């Protein structure tokens, strides 16, 4: 959530920044007018309350003097009625301002490339060289079916489209991947957490999914509960409405969880395979940091995600998202895109973001600065470390052999019970 004071005092700069995110200037101008009206009403209310206090004192004095107070009582009643009417108007204005501030996206950092969509993203670096096959590489969905480790047909029968069963070494591979990821993040100082997989609406508001993106979630009917779209939600809300000790920052959390997404805006995209599912496992990283340290922490988090891909020897690239492609809550995002041979393309496998104080303001996560003792909003960061299903897809395709088998990456073999190859 944006700081209304910043919008008020630095309106032109904020409007210019948000315009790069597709926010119409008319929206901000309307917000500015409503805010000005609110401040004018506040002045009127304070003036009327002061007058009312004066009249009240005069009534008390008149009663002590045994004078008639009818006119003064009538005047005070009129003043009270005016205050009540203005308070009601203020409540309506505050609701409108809240609607504005909770639905406007975050202000992009100065280092974010300006653009309208993913075509304007900027590649930062690449790692690894895509493998050259001397045979036609198969898509991971065909490999998974041929190996008998991924079953979309029965997933569709039991549930519906974009669901599947992992079987045998496929299930073992999925488990090996997320255990490996959690172990690697643990080495980097992350505290492993098992979170609830259901959260309440306040938690969804805190991280920015609600109210703007309700259609993308799975709500439990007639309850205050939602299936988590990512472990970012429970991990970030862990400290909602709390004041942390500044000396304890930064704090690192990691968690593996299922993620549930309706993919309401993705009809027709990636209808086959593991790239876009309604339910998938993901290892998440979340950080709580002081504002002056958060961008250094973003670089470290991105490196933590890269470490996984490097140890799995999967070629990838790092991309800085443009203002038009960033998520709602983020001030800056790096995407990690892994090479998918059958698509001859890099596909997103991780997003690492600094939301600055956007989520912290919504969730009221603060810290007491040990230097001056003041309570301040901290910065929150989140990143995929990594999306597990997409990692399975990348391994199947990059490690496939001409006979249809798939070699298991060396880093995962200690987690695979001695298996080195998945064979038909």
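These residue numbers are counts, starting from 1, taken along the chain as shown.
For all residues, glycine too, the Cβ spot is worked out from N, Cα and C.
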Write down the one residue from 322, 350, 351, 384 that Swiss-Prot lists together with 230, 231, 232, 284 as binding L-serine.
384
Measure from the Cα of residue 284 (L-serine binding site) to the Cα of every one of the binding-site residues 261, 263, 348, 349, 350, then give the nearest.
350
Validating a neighbour-count step here. Other CB atoms within 10 A of the CB of residue 231 (L-serine binding site): how many?
28
If you measure from the Cα of residue 231 (L-serine binding site), which of the binding-site residues 261, 263, 349 is the nearest?
261
Quick check: which same-chain residues outside 230, 231, 232, 284, 384 lie with their CB within 8 A of the centre of the L-serine site CB atoms?
233, 235, 255, 257, 259, 282, 283, 285, 286, 382, 383
